[in-house]
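The block underneath contains the structure these notes are about, expressed in structure tokens.
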Amino acid sequence: MKLIKNGKVLQNGELQQADILIDGKVIKQIAPAIEPSNGVDIIDAKGHFVSPGFVDVHVHLREPGGEYKETIETGTKAAARGGFTTVCPMPNTRPVPDSVEHFEALQKLIDDNAQVRVLPYASITTRQLGKELVDFPALVKEGAFAFTDDGVGVQTASMMYEGMIEAAKVNKAIVAHCEDNSLIYGGAMHEGKRSKELGIPGIPNICESVQIARDVLLAEAAGCHYHVCHVSTKESVRVIRDAKRAGIHVTAEVTPHHLLLTEDDIPGNNAIYKMNPPLRSTEDREALLEGLLDGTIDCIATDHAPHARDEKAQPMEKAPFGIVGSETAFPLLYTHFVKNGDWTLQQLVDYLTIKPCETFNLEYGTLKENGYADLTIIDLDSEQEIKGEDFLSKADNTPFIGYKVYGNPILTMVEGEVKFEGDK
């Protein structure tokens, strides 16, 4: 058994003194003071905040096929360092988990290497090509968390509709990277004033919002749970809000970088600032914040997307899309939104725990007696600088290097086992 002493937990929105007794994989007791019995391992939280473990429904672990960027082991170590105890990896790997054979191989890699709980997606279409549906019932039987072709949008309405019908039959979500290929125009950043200043092709807002508008109507017709990945535009927020008001089962996520940065933060032709969807305008960012606070957007997900340094050293027009986020999400959001009084600590924790779990009917995301001992101990008071050399991910492609942040996890536990502690 383990006993976390001298911690603070959120109760009714306030930090309260609490000890947590853990028996195996579950929390046995939470109380203001618990006397240790013989043989109990004591973990001294030293007055720090003990949070439910975070749940990230959108990460890229790159394995199999992209191990030079990230592996299941390094990606989940990075997740643990960031306080995440559950992650859901996208299927844009090689091979794609689009068959029982491929999914079984992926699951074995996870079983052998993962440092946190991993709930893998299966693809919607074979090889994510948008031409042939996968076998939904067979992949659900293997353990598919949900279905997505993330990395690309499903381009034809008929294929998306047929996929939604199949997903509804097996009671799983369709999770969509919304991007109309006919509207990308070879873009490498947001189509706006900054792209014009830099002379870089831009991706317009409608590239995303048009596909969401199509899909919410398809989801209504199919009776399917439809989840929108990494919402980035004000038009998308409006479409999702209207769909929810109409009673359509649509949910959505937003990334930390879209909440924190805009096109105005891009200093020049620097691919560290290249992600998909791109950093949008100030108006878009404000709409995302409003949508998160009013419940239009359900949760926060990182879209952790590691790449090799030489790949991101290329010009924006040639470099791959994506930034890492597992190790920086909570500190950045805590520093920029909670420390300055825009959000409460409870709000932020909910966006990373209860909200994603409610979105996908997961049994995690809370600290409660008889619940899983998934938790992270966080130092809310000490300032640290974000440094790439401190990352446990293979990659450090993020524009937040050098930022000074509070709220750094110092210990992460998954089902009662310590998976990250300090610099270990």
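Count begins at 1; order follows the chain as displayed.
Using the three backbone atoms N, Cα and C, a Cβ is placed for every residue, glycine included.
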From Asp298, Asp303, Asp310, the one annotated by Swiss-Prot with His58, His60, Asp150 for Zn(2+) 1: Asp303
Same-site residue for Zn(2+) 2 (record: Swiss-Prot; known: Asp150, His177; options: His230, His249, His257, His258): His230
Residue from Asn38, Asn92, Asn340 that Swiss-Prot also lists as binding substrate with His60, Leu61, Arg62, Asn276, His307, Phe321, Gly322: Asn92
Neighbourhood of Asp303 (Zn(2+) 1 binding site) by C-beta distance under 8 A, where only residues 6 or more apart in the same chain count: His58, Val59, His60, Cys229, His230, Thr255, His257, Met275, Gly322, Ile323, Gly325
Listed in sequence order, residues with CB under 8 A of Phe321 (substrate binding site) and six or more positions away: Lys274, Met275, Asn276, Ala305
Cα separation, Asp150 (Zn(2+) 1 binding site) to His307 (substrate binding site) (Å, whole number): 16
Where His58 (Zn(2+) 1 binding site) falls in three-state DSSP terms: strand
C-alpha spacing of Asp150 (Zn(2+) 1 binding site) relative to Asn92 (substrate binding site), in angstrom: 7
Asn92 (substrate binding site) in three-state DSSP notation: coil
